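What follows is a single structure, written as structure tokens, with notes after it.
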């Protein structure tokens with residue numbers, strides 16, 4: 001078979017592990033050809049291909065990013081780019097396509113599958129909000145990086161008697177915030193799942209600093225927002241590409257805490273470091289397992305499905321089933337973050 | 001309630017996260033008293049207690065080991081130590097006991113529960129072979145450490161055109177070997193689940209070094225053994241405490257490869273570094289969730305159960321159900337290790 | 001002897017190693033008493049003491065921050081705080097004082113020494129701009145953290161064809177920027193030592209992106225500034241405590257590059273993570289050696305001196321000699337950063 | 001100019017940083033050609049060349065090992081290999097040669113220089129025992145790895161009340177042992193510089209475990225040995241290539257401590273992990289600076305010299321001056337390790 005491969009959306013650690021597994025399993029086990037497209041869907045539209053051989057995947061297992069490059073672009077019917085996708089696939093005699101990406105890429109993949117192309121998708125997003133799978137590629141590394149940063153900030157908070165606010169990624173779901181908050185021992189975690197009340201945040205900090213501590217760590221997901229009608233009004237601020245403005249909620253939260261408590265308060269916005277660098281073993285294994293499973297599925301004739309981790313097993317879930325759903329942090333995990341504060 | 005707490009068996013990273021969660025949840029949420037026993041079951045026999053307050057758990061979240069110390073000792077009926085356990089628990093007015101440990105500790109916990117003591121257990125073992133749970137405390141950190149070591153050894157293997165053999169822990173199950181082998185890109189993984197044939201190992205290495213590489217990495221679990229009747233005979237070597245002799249299988253495998261292939265072959269035995277140091281965020285979160293769940297379960301009157309991770313959920317499984325069972329690496333994961341070689 | 005000890009200015013990794021060494025060497029080798037002051041000079045003014053025993057320094061070697069806490073406060077004659085310092089020292093019968101700190105702390109130390117107090121100082125500053133010593137405590141860890149961040153950002157830059165701007169600390173000297181820039185393989189390093197010309201920065205990036213790459217990394221020290229009369233005007237922006245506003249120069253540089261080149265450009269401000277967390281072995285060793293040397297010097301009757309690393313040796317330099325001097329990055333190191341771009 | 005380049009002896013982290021700097025500076029600044037030889041001196045004998053262009057050095061800055069491969073082989077007059085070296089250099093029209101290596105490579109380099117070849121050498125050895133330079137490439141990373149391992153082992157030692165013996169590299173000098181011992185807070189460091197007396201080691205441990213602790217960490221350099229006439233006799237054990245047998249001294253020391261004190265004692269032999277993997281920023285910077293300086297020196301007509309770090313400066317030292325000298329750990333650093341125990 002001649003199998004196309006693309007990575008779409010934001011880059012993250014673990015993508016190369018998946019690409020490597022697809023090439024190894026595709027070439028070695030089945031004798032397929034693997035044709036990479038550069039820059040995600042954009043490369044399909046442009047016909048920008050890179051056939052992948054064993055030499056391309058040497059030493060990439062521990063490298064972050066994606067050797068195929070990526071772009072935040074998705075084909076649409078309105079502007080003819082969807083047609084261009086189908087034309088390229090036909091011109092290049094691509095019999096099936098493996099798409100690695102998040103929300104947008106998976107949505108596009110499902111539409112391309114509807115147009116008759118055999119497609120298997122692999123979920124990646126450091127936000128971890130893709131439905132149907134316990135983990136998406138990139139999330140685990142992001143939690144590690146965020147926790148390491150909180151560990152570092154902890155010592156400064158303690159040495160200087162400060163409130164340290166740390167803003168992490170997570171637009172529709174607070175997976176990074178909640179997990180790194182628990183792992184880093186944060187006092188307060190603000191996640192999109194639970195709109196917060198600044199009065200209660202302030203009361204908690206004042207009580208804590210009076211009772212038994214003189215510093216605190218507050219982790220804020222970029223998509224966190226205040227409860228309507230509560231004492232702090234805040235609307236999520238978007239940039240020109242519709243992305244959340246980094247630092248916006250963090251700055252606001254830090255300013256409010258400083259103003260209302262008088263505690264010396266500082267902000268750190270983790271930003272891009274969360275999505276780069278060497279993947280954790282967990283992300284390498286996840287990418288490797290997803291890659292092998294995707295090639296197996298393609299070879300077995302599956303289509304319009306996504307590889308997923310459920311418990312200890314890799315399974316296939318129908319793409320239409322997960323479309324438009326956001327996997328949020330469950331209540332019991334939010335509660336653990338709260339009770340360990 | 002007055003709740004006893006002990007950590008038994010070998011130490012590992014993540015135990016302090018569990019202890020911290022138990023103290024925070026026990027004191028903060030329910031107003032219980034938490035009475036630690038030093039040195040595992042030995043401390044219960046000896047009545048060596050340490051009541052735990054908030055000050056004891058400051059800054060321990062990121063620390064490896066166990067602040068309660070531990071010992072490889074389990075109470076038995078034959079020598080009166082089981083009676084001593086029950087006497088101490090009565091003398092100290094312990095109403096329920098939380099036991100954190102592996103195979104041996106869980107087995108003892110179940111027997112103490114049979115004697116009428118309310119018990120909730122938390123699984124920890126870097127071998128990850130406790131049944132009923134996807135993860136036990138300590139395993140995830142061990143995989144990280146082993147992968148980091150393989151990453152390091154990789155560059156020497158490549159620079160010197162060598163076969164590097166790395167022996168990792170895993171007596172009855174090859175979880176560390178298989179996971180670090182996949183994550184580190186090992187060419188061969190030898191695990192207890194699949195008795196190996198040295199002829200095939202040698203043939204694989206010779207083929208690889210002729211075809212497209214001049215180095216290889218072989219990961220060996222300490223409990224790996226040769227297939228009966230195959231060309232290399234080997235019996236697992238035990239030390240005076242019944243533990244596997246570190247380095248024994250590794251030395252044998254390295255010597256055989258060197259002798260049969262003529263390739264320059266070297267051994268690294270990871271040993272104790274696998275079970276020490278700062279826990280990964282995953283182990284901190286797992287310990288924290290287990291700790292909270294254990295206190296909740298105790299308070300709700302549960303007994304003779306173990307906290308377990310199944311998929312994304314923390315559940316309780318009956319201790320008798322998991323007794324005597326070893327969770328081994330499933331075939332599909334062994335296959336991933338094989339096809340990505 | 002009864003020796004006072006304080007840590008002043010911003011916290012950083014390696015301070016606890018120095019404190020530990022002072023206590024071990026002071027108590028163990030000479031039988032001195034070590035009296036800690038909390039919160040730097042503020043604690044001396046307030047008489048806020050903590051006598052240090054062996055139990056206070058257990059497990060602190062690998063911990064960031066300072067167990068004595070610190071504050072950005074320096075005694076002055078004008079407001080009576082200098083008198084308060086002398087009164088406390090007399091009241092507490094302090095025979096000599098060890099001061100660990102940066103520029104401000106060292107300056108105050110010298111003035112207190114002039115007032116007749118026996119003083120030995122230990123240099124710490126992540127900026128590494130204290131004269132007379134190759135290294136100050138905290139700098140080495142900061143370079144490691146900054147390099148790790150650049151490594152992570154590198155993969156995103158490459159995967160997304162972006163210019164990534166990274167702002168690091170360094171007000172009067174670009175030690176962190178230059179070292180992490182070389183270690184991280186940055187294309188451009190902007191340091192206070194060499195006022196930059198945005199025209200040349202832009203020309204370099206355009207040439208590079210046309211010739212052989214589609215991404216770049218630009219490291220900016222917070223104290224970097226444009227050359228007078230060049231195409232970009234910029235004045236260093238100060239906050240209410242006189243500190244540089246984090247992100248100010250980084251935002252400006254990123255905006256200019258984006259506007260003038262059209263390349264997709266993003267900013268990361270490392271901020272507080274640079275000064276926290278586990279110290280590198282180098283900072284632990286440096287702190288340990290400085291601590292031992294300070295106690296030796298105090299015991300030998302030295303005063304108004306600072307411990308310093310020169311090559312492989314620990315030496316003493318007179319405090320007045322280094323007062324008011326800023327150690328900047330030498331030309332040959334700036335050149336290495338330039339030629340390796 | 002047409003400049004040859006080789007890496008000889010054992011591999012270590014930082015070599016690729018030097019190679020990258022040589023290529024960048026050679027091609028970019030001066031327009032030289034850089035001709036790599038594979039496998040150290042062996043490649044020169046065999047005429048195994050690889051011309052190095054910019055594409056060969058992409059992404060290598062953070063990679064361990066050497067992209068040119070290496071071998072433990074040195075040319076000798078006796079077997080004609082020295083003649084073969086000179087013939088290859090002439091046949092390939094090599095005008096000057098940069099040799100990166102340790103003791104053996106530097107010795108050979110000096111002899112080749114005596115034969116009229118222009119040579120500049122760069123020191124690398126994780127043992128750090130090359131004279132004339134504060135640091136050699138690879139040492140700093142090795143200390144980091146060893147310290148990390150000691151940190152991990154520390155928690156097990158404490159949780160299990162054990163004596164943990166850690167054997168690290170260092171044949172003629174104990175740089176790794178002393179530095180990682182200080183950084184890791186070891187109780188005892190045994191280095192070749194100070195032949196030890198097992199009676200005193202035992203007495204120290206017994207005193208410590210009686211007085212205020214129940215665990216200890218002992219770091220042993222592979223080249224450590226007992227004082228003649230003291231209570232433990234031991235001769236350094238050599239393997240077939242004349243290398244020290246890994247684990248030999250460690251096993252002996254652990255066995256003696258166990259036997260004489262009765263304390264539960266365990267050994268970890270760090271082995272190959274010490275010389276692999278991602279270089280620390282310090283080793284990347286050192287390699288980069290040495291690489292730039294070597295090309296500058298070659299271009300300026302220097303020969304028979306070695307680049308060296310002295311304090312903050314890169315200087316050139318004559319190769320004959322350092323021949324046959326071993327740089328050992330100075331007394332004041334040995335004393336720091338002792339007093340902080």
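Using N, Cα and C of the backbone, Cβ positions are placed for all residues, glycine too.
Those TrEMBL annotations? Automatic predictions, nothing curated.
Quick look at what TrEMBL annotates:
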type     : residues                                                                                  : note
DOMAIN   : B:2-298                                                                                   : domain 'Phosphofructokinase'
BINDING  : B:10, B:72, B:73, B:102, B:103, B:104, B:105                                              : ATP binding site
BINDING  : B:103                                                                                     : Mg(2+) binding site
SITE     : B:104                                                                                     : site 'Important for substrate specificity'
BINDING  : B:125, B:126, B:127, B:162, B:169, B:170, B:171, B:222, B:266, B:272, B:273, B:274, B:275 : substrate binding site
ACT_SITE : B:127                                                                                     : active site, proton acceptor
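Note: B:275, taken in sequence order from the binding-site residues B:73, B:102, B:171, B:275, have a C-beta within a distance under 8 Å of a chain D C-beta. When Cα-Cα distances from residue B:266 (substrate binding site) are compared across the binding-site residues B:10, B:72, B:73, B:103, B:104, the shortest belongs to B:10. Counting neighbouring Cβ atoms within 10 Å of each of the binding-site residues (B:103, B:127), the lowest count belongs to B:103. In sequence order, B:8, B:9, B:40, B:74, B:101 are the residues of the same chain, not among B:10, B:72, B:73, B:102, B:103, B:104, B:105, whose CB sits within 8 A of the CB centroid for the ATP site. Residue B:105 (ATP binding site) sits 11 Å from residue B:125 (substrate binding site), counting Cα to Cα. Residues B:125, B:126, B:127, B:162, B:169, B:170, B:171, B:222, B:266, B:272, B:273, B:274, B:275 are listed as the substrate binders, and the farthest two of them sit 33 Å apart at their Cα atoms. Nearest by CA distance to residue B:275 (substrate binding site), out of the binding-site residues B:10, B:72, B:73, is B:10.
Here residue B:104 (ATP binding site) is positioned 14 angstrom away from residue B:171 (substrate binding site), judged by their C-alpha atoms. When the binding-site residues B:10, B:102, B:104 are compared by the number of other CB atoms within 10 angstroms of each CB, B:104 has the fewest. Predicted-model confidence for the domain 'Phosphofructokinase' (B:2-298) is 95, expressed as mean pLDDT.
Among the binding-site residues listed (B:125, B:127, B:169, B:273), B:125 has its Cα nearest to the Cα of residue B:103 (ATP binding site). Under the three-state DSSP scheme, residue B:266 (substrate binding site) falls in the strand class.
Comparing the binding-site residues B:72, B:171, B:266, B:275 by how many other C-beta atoms lie within 10 angstroms of each C-beta, the top residue is B:275.
Taken residue by residue with DSSP, residue B:169 (substrate binding site) is part of neither helix nor strand, so it is coil. Of all the binding-site residues in the record (B:10, B:73, B:102, B:104), the one with the smallest CA separation from residue B:273 (substrate binding site) is B:10.
Here ATP is bound by B:10, B:72, B:73, B:102, B:103, B:104, B:105 per the record. The longest Cα to Cα distance in that group is 12 Å. Each residue contributes its Cα atom, and for residue B:127 (substrate binding site) and residue B:102 (ATP binding site) those atoms are 9 Å apart. In sequence order, B:8, B:39, B:40, B:41, B:42, B:45 are the residues near residue B:73 (ATP binding site), counting only same-chain partners six or more apart with C-beta under 8 A. You'll find the Cα of residue B:102 (ATP binding site) roughly 14 Å from the Cα of residue B:169 (substrate binding site).
For residue B:125 (substrate binding site), the nearest neighbour among the listed binding-site residues (B:10, B:72, B:104), judged by C-alpha distance, is B:10. Between the CA atoms of residue B:169 (substrate binding site) and residue B:10 (ATP binding site) there is a gap of 12 Å, rounded to the nearest whole number.
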